[in-house]
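What follows is one structure encoded as structure tokens, with my remarks underneath.
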Amino acid sequence: MHDPSELLEDGPAAVRRLARRRYDLDLAALEKAVRRRSEAQAEVTRLRTELNRTSRARGRSGPPSEEEKEAARALRADVQQAEATARTAGHDLTELLLGIPNVPLDSVPDGDTDQEAVEVRRWGRPPHDAGTDARHHSDIGESLGILDGPAAAKLSGSRFSVGRGAGARLERALADFFLDLHTGEHGYTEYSVPFLVNRDTMTGTGQLPKFEDDLFRTQVGDRELFLIPTAEVPLTNLVAQQLLDARALPYAFTARTPCFRAEAGAYGRDTRGILRLHQFEKVELVRVCAPEDAPAQLELMVGHAEECLRRLELSYRVVQLPAGDLGFSARMTYDIEVWLPGSDAYREISSVSDCGTFQARRADIRHKRADGRKAPAATLNGSALPIGRTVAALLEQGVREDGSVLLPEALVPYTGFRRILPGGATA
């Protein structure tokens, strides 16, 4: 969420920056909402002052008359009405601000889609010459007997998956490998968090109110909860409504959770395989820091996600997203795209985003500086990594001419095997 005074002060510059992400900022509506709230708050202050003044005056002049009692009752009613008006004005301003996305950094390139992302670097090379025919991961997994799409469809419908035998073991191994790397070498603290959260928690990280159609919601009686679309939501909100000691920053959190997404805008896309599911597992990274440290923290987190892929010997590239393709809460994002021979393309496997103070203002995450000033902190988040997409990449990059899949050496301590053979046997 934004500080409205900053948006109004920036004026046309704020309009221009938000237009880069195809958002039309209505300065006149914002100014009207701010003025309405200010005037309502001023009226509350005026009436309370008047009520206090008359109360003190009556106390000095003896018992009040019936006329004075009636005047006092009327004044108290006016105060209550003014307070209600101020609450409404404040609510209306908050609702307006909650719908305004983060402002892209000036260094973010122009453009509207991931096709206009700017490549930053590559690691490895697309294994066209690996001596194998390019095959889609769903074909590989089903031929090995480790992915069962029909079973998933029978249980839950489209966009779900079932892993079996060595496939399920591989998923568990990847999650443990990622968590061990992040906690043992990258300095993150692991958390076990709820998968169901309330509306305030979803609002704090920016999923609500704008993206309610993309979320799975539960309702039991009058209790409403949402299934998390990413562990970013509970991890970031661990420090919601808190004043943090700047000397303790940065905080670094990680968690492995299932993620639930309705994928309302993805009709017809990636209907085969395990790239785009309603439910998938992911290891998430979240960092909370002083705002001036956010750029360096972003680069650090990208490096942590890249290290996962390098240890797994998976070819990938890093791209910077254009302004029009940024997530609602992000002011800058790097996507890491892994090479998928079966698609003959790089596909996103991680997004790492700098949200600046945007989420912190929504969730009331502040830090106390050395000089005593209290100010919003900065938040960052990134995938490192989603389990299903990593499995897809390992299958497509690791398949051999005999139909077996060779896994990276780094996973052997976690899987207990290096190769998955046709029929699901391991070696």
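In case you wondered, yes, glycine gets a Cβ from its N, Cα and C as well.
Just so it is clear, the model here is predicted, and its values are computed rather than measured.
According to Swiss-Prot:
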type: BINDING; residues: Thr230, Ala231, Glu232, Glu284, Ser383; note: L-serine binding site
type: BINDING; residues: Arg261, Ala262, Glu263, Glu348, Ile349, Ser350, Ser351; note: ATP binding site
type: COMPBIAS; residues: 35-53; note: compositional bias 'Basic and acidic residues'
type: REGION; residues: 35-72; note: region 'Disordered'
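A map of Swiss-Prot features onto the structure.
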| residue | record | contacts (Cβ under 8 Å, 6+ apart) |
| --- | --- | --- |
| Thr230 | L-serine binding site | Thr257, Cys259, Lys282, Glu284, Asn381, Ser383 |
| Ala231 | L-serine binding site | Val193, Ala255, Arg256, Thr257, Cys259, Lys282, Val283, Glu284, Val286 |
| Arg261 | ATP binding site | Asp214, Leu215, Phe216, Pro229, Leu277, His278 |
| Ala262 | ATP binding site | Asp213, Asp214, Leu215, Phe216, His278 |
| Glu348 | ATP binding site | Asp114, Asp335, Ile336, Glu337, Arg389 |
| Ile349 | ATP binding site | Leu309, Tyr316, Ile336, Glu337, Val338, Ser383, Leu385, Pro386, Arg389, Thr390, Ala393 |
| Ser350 | ATP binding site | Ala305, Asp335, Ile336, Gly382, Ser383, Ala384, Leu385, Pro386 |
| Ser351 | ATP binding site | Leu321, Gly327, Thr333, Tyr334, Asp335, Ile336, Gly382, Ser383 |
Cα-to-Cα gap, Glu263 (ATP binding site) vs Glu232 (L-serine binding site), nearest whole Å: 17
Cβ-centroid neighbours of L-serine site Thr230, Ala231, Glu232, Glu284, Ser383, 8 Å, sequence order: Val233, Leu235, Ala255, Thr257, Cys259, Lys282, Val283, Leu285, Val286, Asn381, Gly382
Per-state residue totals over the region 'Disordered' (35-72) - DSSP helix, strand, coil: 33 helix, 0 strand, 5 coil
Lowest local Cβ density (other Cβ within 10 Å) among binding-site residues: Glu232, Glu263, Glu284, Ser383: Glu263
Structural state of Ser350 (ATP binding site), classified by DSSP into three states: strand
Annotated L-serine contacts Thr230, Ala231, Glu232, Glu284, Ser383, maximal Cα-Cα distance (Å, integer): 9
Site diameter for ATP, Å, by largest Cα distance between Arg261, Ala262, Glu263, Glu348, Ile349, Ser350, Ser351: 19
Reduced DSSP assignment, Ser383 (L-serine binding site): strand
Secondary structure at Arg261 (ATP binding site), reduced by DSSP to three states: coil
